[in-house]
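A short write-up of the structure that comes next.
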């Protein structure tokens, strides 16, 4: 347990009006881990971050940082630093003064303050603007200043609240990389809140998906992408195709679902024993694993799961072609395929096609789609 | 297009009229203050241009049948009172507005309670205060009963100004300071206060000017040692001489000087917030 940095134990937030913002959040974060919180707006991810920072009171549960309980400790006495979406630069202070501000309340000598400030200015390349104020800084500089200001206090945990939201796409990409490198170098735990799944997946060692105040799944990015544990995650993360139906059979590491298109199987996302035959369930397969072929083409591999449909549209975009497919009894689907795999195979609007995928690539998720 | 021009002309006329009514009395007063003295009265034509009445106000004119304005003491009282009112009202107003940044139980009621102080007619409040003071045996003085009413009257103005300032205030800078380990008290002094300072200046200006020329409340509660507005009113009762105009010009000039200082301070604090601070490394210790 010694290398656990952050522990949330049934953390709850209920607003005075009775609205539940966060429901029983359990999480353990290892030292030096980069953990992302992702979810739609209002899902409770920012509220959770603010509870960790101490900017939002905790209704019940415990917040433990490096073994010490910080549930009711005020913000200024927590070993965390927070990076805000709008950076919250102190507009009446220069870059240097902004960075030094948090050091003045710590018992440090003037020379130590200067040493630390200079080091972080150097690290985050703010040397050219040390005497500038907020108005003279670019978006990227403000971003780096807010990071410098937080990191100079040497927090145990850095909390980042949608820190890239206000940047343009190119800058966002490069700062994403900088952040990741910085985190590896400093070996500080980062808690990173974002509404963009691409950010969460590319930056996080682990990703927490939240919806309506609840944690839907905590997984590595790859597992999250390929093995969703709930209908919400299946829809929110990645480009999954979902076929709803009823649970037909569970057999250890394999389960199957009866759907309007036939019976399909896959890896169950739920623990053995928690699903009952006949309950609502769905087959989820990442778009990348689904092949689209003319219906007449013989199946080479008998083990493939197959669904038959009619092409309604073909829309090429660069290397990729988006194919609208109507499947009996389902809402129309959009399948992506590489252009070279499609061309000359007679996949045109009106033609009959088959979707084929390996059952072991599919996941069986309980619940209504 | 034609209609638009017509509208423009109409608005221009309206503005001209507004400015005329705003400044005409002052211009007339300014001209008449240079009337010859002591024989010249407060009306046109100007007998002869002179600065006699200014000398009269300042007490350096030769003695005449026109009694000097009782300003020396009254002015000191008024300025002292206005200053004290300004300090108390601004502090109270800022603290109250700070409290109103978070909703609390009964905040609506408290809001109207505070604002009532500027809504209740001054004459009623003054009279009521005088009655209460006499009942409970408190002497009516400019620094006691009148001072309390001045605060009651100006505090809502300071409060409303600060409320508007806090409305536009981005509190994430305060949260950022706390998150850096800076306690709330220090955060207020080093972050919040410097950022709301322009608003505090406005609140101070309001409180000072409102108190300085306050009349009805002071009339009933100020006691025998009168403030400037009451003293001036007292001289009306006898006869009006251009020395009043001279005094008016002097106070207006003084007010404009005060406003200029306010304007300069304001501009400086805005500039400080906006531009680069190269070479102006002030101490944030």
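Cβ atoms are placed via backbone N, Cα and C, with glycine included.
As recorded in TrEMBL:
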DOMAIN    B:75-262  domain 'ABC transmembrane type-1'
TRANSMEM  B:12-34  transmembrane segment
TRANSMEM  B:78-97  transmembrane segment
TRANSMEM  B:109-130  transmembrane segment
TRANSMEM  B:142-166  transmembrane segment
TRANSMEM  B:191-212  transmembrane segment
TRANSMEM  B:244-265  transmembrane segment
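For the transmembrane segment (B:142-166), the list of distant contacts is 77, 80-82, 84-86, 88-90, 92-94, 96-98, 100-101, 114-118, 122, 125-126, 129-130, 133, 196, 198-200, 202-204, 206-207, 210-211, 214, 217-218, 221-223, 225-227: same-chain residues at least six beyond its ends, Cβ to Cβ under 8 Å. Counted as Cβ pairs under 8 Å, contacts with the transmembrane segment (B:191-212) are highest for B:78-97 among B:12-34, B:78-97, B:244-265.
Cβ atoms under 8 Å from those of the transmembrane segment (B:12-34) belong to residues 42-44, 46, 49-51, 53-54, 242, 245-246, 248-249, 252 of the same chain, restricted to positions at least 6 beyond its ends. Long-range contacts of the transmembrane segment (B:78-97) within its own chain (CB-CB distance under 8 A, at least 6 residues past either end) are made by residues 114, 142-143, 146-147, 150-151, 154-163, 165-166, 196, 200, 203-204, 207-209, 211-212, 227-229.
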